[in-house]
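According to TrEMBL, the protein carries these features:
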TRANSMEM  45-63  transmembrane segment
DOMAIN    49-536  domain 'K+ potassium transporter integral membrane'
TRANSMEM  83-104  transmembrane segment
TRANSMEM  172-191  transmembrane segment
TRANSMEM  211-228  transmembrane segment
TRANSMEM  240-261  transmembrane segment
TRANSMEM  360-387  transmembrane segment
TRANSMEM  408-430  transmembrane segment
TRANSMEM  442-462  transmembrane segment
TRANSMEM  469-494  transmembrane segment
TRANSMEM  500-520  transmembrane segment
TRANSMEM  532-555  transmembrane segment
DOMAIN    549-799  domain 'K+ potassium transporter C-terminal'
TRANSMEM  575-593  transmembrane segment
Amino acid sequence: MASLSVGEVTNRGSMWELDQNLDRPMDEEAGRLKNMYREKFSSALLLRLAFQSLGVVFGDLGTSPLYVFYNIFPRGVDNDEDVIGALSLIIYTLTLIPLLKYVFVVLRANDNGQGGTFALYSLLCRHAKINTIPNQHRTDEELTTYSRQTYEENSVAEKIKRWLEAHAYKRNILLILVLIGTCTAIGDGILTPAISVLSASGGIKVQNQNMSTNVVVLVAVVILIGLFSMQHYGTDKVGWLFAPIVLLWFILIGSVGAVNIHKYNNSVLKAYNPIYIYRFFRRRWNYDIWTSLGGVMLSITGTEALFADLCHFPVLAIQIAFTLIVFPCLLLAYTGQAAYIISHKKHVADAFYRSIPDAIYWPAFVIATAAAIVASQATISATYSIIKQALALGCFPRVKIVHTSKKFLGQIYIPDINWVLLVLCIAVTAGFKNQSQIGNAYGTAVVIVMLVTTFLMVPIMLLVWKSHWVLVVTFIVLSLMVEVPYFVACILKIDQGGWVPLVIATAFFLIMYVWHFCTVKRYEFEMHSKVSMAWILGLGPSLGLVRVPGIGFVYTELASGVPHIFSHFITNLPAIHSVVVFVCVKYLPVYTVPTEERFLVRRIGPKNFHMFRCVARYGYKDLHKRDEDFEKMLFDCVLFFVRLESMMEGYSDSDEFSVPELGAGGPPTSSASAFLQGEKTCSTMCSNGELSLSSQDSIVPAQSPPLRGMTGSSLLTRCSEGQASSVGDELEFLNRCKDAGVVHILGNTIVRARRDSGVVKKLAVDYMYAFMRRMCRENSVIFNVPHESLLNVGQIYYI
């Protein structure tokens with residue numbers, strides 16, 4: 001690197017220019033790395049995943065026939081047209097919401113295979129600057145997985161983009177909307193196991209009507225404990241265990257439904273004419289219509305799991321399973337039940353079990369009980385996915401995440417959340433002891449999540465898909481036409497159990513919003529208090545201290561600039577390590593960052609300062625695995641950067657080349673497909689073969705082969721012939737420092753509310769946030785930093 005002399009800096013006459021030249025953000029360092037990351041699935045694997053998805057995704061949706069008609073007609077039924085009208089409403093609700101809206105539209109809005117409200121939010125963050133934590137840089141947009149659209153100047157999409165970016169309150173409203181959808185989805189993950197398991201265990205009273213309800217609740221609690229205790233085996237194993245049960249269930253309800261249509265009344269097939277929906281509303285336009293709508297709403301509970309569980313399975317696998325098995329079997333089941341009810345109107349309360357032929361009653365009962373238990377798996381898996389996405393985007397406290405499958409990256413297990421869900425499920429089950437009240441709560445949670453998804457899909461269709469406004473209006477009108485009446489029906493049942501998901505969602509919303517608010521304030525404090533490079537240069541190569549042998553990794557949330565904790569450290573201690581590396585670990589609104597594109601490295605200041613910066617970038621799907629040696633990965637990155645820097649010094653601008661790839665945690669390989677970025681732009685060579693120094697202060701990456709007839713290693717050898725001594729000395733110096741010892745310096749910024757703050761703010765910051773910080777995992781644990789190598793630097797920030 002060609003350092004700037006003091007005279008040159010003085011001639012420029014600007015401290016700002018000095019900072020910009022010596023410690024600019026990672027601008028060109030990121031380059032245009034192209035190593036396409038895609039999960040590809042063979043036909044056989046796709047069918048296997050479609051089969052597994054039955055046990056994980058569709059259990060909740062598939063068990064709705066157990067109780068839908070009873071909730072539609074709680075006071076009984078006395079008219080055939082009411083049954084046909086209710087069936088018609090169920091048919092077209094299933095067609096419009098699960099099939100058309102989710103399977104064929106919303107699933108397409110996935111973020112490279114990731115679903116849920118936060119996946120939609122991350123898509124929007126990439127296409128508009130609406131992220132409330134402004135830690136992104138334009139170099140992040142050059143990632144392989146950072147896909148985004150460009151817009152024409154006066155297009156509708158560009159106007160909407162500018163409108164969203166114009167004011168901070170719009171970004172906050174969008175974030176609040178996402179958090180509401182996320183929190184109610186978590187509430188869904190609590191209520192689904194409660195109602196499913198309680199309905200399953202209630203079957204033991206079939207033969208003994210005198211059995212106490214407390215016994216049923218006790219059995220339900222035991223089953224819940226067993227179900228949640230199995231979660232650590234992972235979605236892959238749980239899917240293989242549950243999928244055969246759910247497949248048998250769908251075959252059973254479809255077959256029984258077809259038999260009942262033929263046996264009892266095939267006139268119910270006229271329910272496929274939507275005119276009977278109009279007649280149904282006209283006949284029951286009073287309070288009963290809202291009661292009936294609340295019951296119909298239960299026929300699509302579990303639909304949101306189709307989207308939220310998308311990270312566990314590819315889109316095509318879920319589409320195959322739903323269109324070929326789930327949807328046809330559900331239509332046959334509901335139509336068959338309607339045919340039976342028309343012939344046996346007094347049996348509406350238990351129409352499902354009474355419509356089963358006597359010869360297969362007990363096998364059907366066993367399968368139904370097992371399927372009801374399995375139904376909870378869909379929302380449990382979805383809750384894990386949602387929490388992981390929220391954590392990565394700075395909206396949830398750091399919790400332990402276990403990756404349960406080596407083949408499929410999205411299959412995870414969160415122990416802390418698992419046991420919280422268990423406790424809350426037991427509380428709801430033991431507290432209500434009533435399936436109808438839990439069902440009312442259940443419907444409220446589901447319809448709120450659906451409404452949030454509908455509203456988020458509008459900017460997705462306009463910004464990401466660039467859809468015509470007519471298509472957008474059609475989508476939102478059809479969605480709201482179905483969802484708003486169901487929402488009203490559920491709200492009217494708040495006093496009958498509908499308050500439960502609202503309380504649960506409010507509790508999780510407070511946790512997520514307070515955590516996000518304080519995280520943003522901490523980042524703003526780091527930005528505003530970062531140290532000027534001019535001050536660092538003024539200290540000289542020794543930084544005004546004794547430079548002791550060793551390497552100091554200073555962790556910071558800043559991708560540029562020197563963090564305040566460093567100045568706090570060196571002003572209170574008389575010594576600093578010979579090599580200092582500022583490490584920034586940041587999450588981006590992408591599902592993953594390929595390993596070969598994860599790290600960016602550059603030098604800070606002149607060479608004799610021995611200061612570097614390393615930015616480690618992760619997506620919300622990426623995990624810090626326990627077997628990864630993060631320290632070794634960082635050190636190898638710095639070593640490779642030094643070699644790369646010397647190789648690329650002195651190049652001109654007539655040709656480009658790629659340099660060898662650095663594997664995760666290992667030395668450079670011979671595949672010239674990616675590289676770690678250095679500081680000097682050395683990406684080109686003169687036509688006469690002479691090396692010349694570029695005036696830029698960053699590396700411009702390239703995709704062309706190195707030099708004709710030369711491998712990456714031979715190029716490295718040739719470029720470093722005149723500098724082998726200096727490079728070798730620096731590499732030897734770095735290795736000696738590593739042998740002397742490595743210390744990880746972590747900032748421990750304590751956030752406190754100002755004395756003049758209100759009571760609410762003090763409670764949120766001084767108590768809620770402080771408690772969550774104490775309870776959540778430390779960064780040292782996440783990065784597997786040895787305790788004996790850890791040094792915390794504390795500071796207090798008042799907001």
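Think of each number as a place in line: the chain as shown, counted from 1.
Glycine too: its Cβ is placed from the backbone N, Cα and C atoms.
Non-local neighbours of the transmembrane segment (500-520) in the same chain are 132-133, 175-176, 179-180, 182-184, 186-188, 190-191, 390, 394-397, 424, 428, 438, 441-442, 444-445, 448, 494, 751, 764-765, 768-769, 772, 799; each lies 6+ residues outside the stretch with a CB under 8 Å from one of its CB atoms. Contact check: the transmembrane segment (469-494) against the transmembrane segment (83-104) gives at least three Cβ pairs closer than 8 Å, residues 6 or more apart, which meets the contact criterion. Counting same-chain residues at least six beyond the ends of the transmembrane segment (172-191), those with a Cβ under 8 angstroms from any Cβ of the stretch are 116-118, 120-121, 124, 130, 132, 164, 304, 308, 379-380, 382-383, 386-387, 390, 395, 421, 424-425, 428, 438, 441-442, 445-446, 448-449, 452-453, 455-456, 500-501, 504-506, 508-509, 512-513, 516. Tertiary proximity for the transmembrane segment (360-387) is limited to same-chain residues at least six positions away from its ends with a CB under 8 Å from its CB atoms, namely 55-63, 66, 114-118, 182, 185-186, 188-189, 192-193, 196-197, 199-200, 203, 206, 223, 227-228, 231, 235, 238, 242, 245-246, 248-249, 252, 256, 302, 304-305, 308-309, 311-312, 352-353, 396, 399, 410, 412-414, 417-418, 421. Sequence-distant contacts of the transmembrane segment (240-261), counting only residues of its own chain at least 6 positions beyond either end whose CB sits under 8 Å from a CB of the stretch, comprise 51-56, 58-59, 62-63, 65, 268-269, 325-326, 328-337, 339-340, 355-357, 360, 364, 367-368, 370-371, 374, 377. Note on the domain 'K+ potassium transporter C-terminal' (549-799): mean pLDDT across this stretch is 68.
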